[in-house]
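Asker: Handing you this structure, nothing more for now.
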Amino acid sequence: MDIKEIALGQIRDSIATKQKCIDSILEDIIKAGEIVSKILQAGNTIFLCGNGGSSCDASHIAAELVVRYKSGNERKALPALSLSADSAVLTACSNDYGYEEIFSRQIEAFGRKGDLLIGLSTSGNSKNVLLALEKAKTRGVKTISLLGGDGGKMKNLSDLDVIVPSNVTARIQESHILIGHIICSIVEYNLFKME
């Protein structure tokens, strides 16, 4: 196998995973976009959390909502926050309460009835994301999980699960960011009639 074959294999695997998303979870993706739109139309806040690459995806999606998704779409800022963005809170909470509490503690502080938490986990087994989703339920915060594989321990914990049909972390992450982009596109269309 040469380098070109490796590259082509990655691209083909990515395309195949996205085709599986069209075939099996398109309606869930659209539903997620509609939920996020309604939360924002009501003036509530979107929180996002995840670990590692999923943390980066959470921050990326939050930035698209706060700033804008499509270049040239001038619109007002939307309230969205990645819970992995504040290093002081993350390190203080990790030190004082444990890493598992870094997101749930912030939901306890900031989450209000009518807000939405989007938890991202390629395995569905991230304890700190799971605890944040559980805390959200106690505060009247709606929940969406972006997962992979069989959904892990987080499956059926949220109001809506969007489970990428793959067990390959890279393919799940690629699909999660695509799902995030689709959600942002739906939001900009629903709230501002921007395509």
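Glycine is treated like the rest: Cβ placed from N, Cα and C.
The model shown is predicted, which means the values in this text are computed figures rather than measured ones.
What Swiss-Prot records for 35-195 is domain 'SIS'. Positions annotated as substrate binding site by Swiss-Prot, on the basis of sequence analysis: ASN51, GLY52, GLY53, GLU64, ASN95, ASP96, SER121, THR122, SER123, SER126, GLN173. Summarising the annotation, Swiss-Prot assigns Zn(2+) binding site to HIS60, GLU64, GLN173, HIS181.
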Asker: Find the one among the binding-site residues HIS60, GLU64, HIS181 whose C-alpha lies closest to that of GLY53 (substrate binding site).
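Answerer: Closest by Cα distance to GLY53 (substrate binding site) among the binding-site residues HIS60, GLU64, HIS181: HIS60.
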Asker: Across the whole of the domain 'SIS' (35-195), what does the mean pLDDT come to? Round it, please.
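Answerer: Over the domain 'SIS' (35-195), the predicted model scores a mean pLDDT of 97.
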Asker: Across all chains shown, how many C-beta atoms besides its own are within 10 angstroms of the C-beta of SER121 (substrate binding site)?
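Answerer: Excluding its own Cβ, the number within 10 Å is 28.
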Asker: Determine, using Cα-Cα distances only, which of these binding-site residues is closest to SER121 (substrate binding site): HIS60, GLU64, HIS181.
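Answerer: Sorting the binding-site residues by distance from SER121 (substrate binding site), the top entry is HIS60.
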Asker: Residues near the Zn(2+) site, HIS60, GLU64, GLN173, HIS181 excluded, by Cβ within 8 Å of the Cβ center?
Answerer: ASP57, ILE61, HIS176, ILE177, LEU178, GLY180, CYS184
Asker: Cα distance, ASN51 (substrate binding site) to HIS60 (Zn(2+) binding site), nearest Å?
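Answerer: A Cα-Cα distance of 13 Å.
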Asker: Round to the nearest Å and give the CA-to-CA distance linking GLU64 (Zn(2+) binding site) with SER123 (substrate binding site).
Answerer: 24
Asker: For the substrate site made of ASN51, GLY52, GLY53, GLU64, ASN95, ASP96, SER121, THR122, SER123, SER126, GLN173, how many Å separate the two farthest Cα atoms?
Answerer: 32
Asker: If you count Cβ atoms within 10 Å of the Cβ of ASN51 (substrate binding site), leaving out that atom itself, what do you get?
Answerer: 20
Asker: Pick from ASN95, SER123, GLN173: which of these binding-site residues has the biggest number of other Cβ atoms within 10 Å of its Cβ?
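Answerer: Most Cβ neighbours within 10 Å: GLN173.
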Asker: What's the CA-CA gap between ASN51 (substrate binding site) and HIS181 (Zn(2+) binding site) in angstrom, rounded?
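Answerer: HIS181 (Zn(2+) binding site) has its Cα 19 Å from the Cα of ASN51 (substrate binding site).
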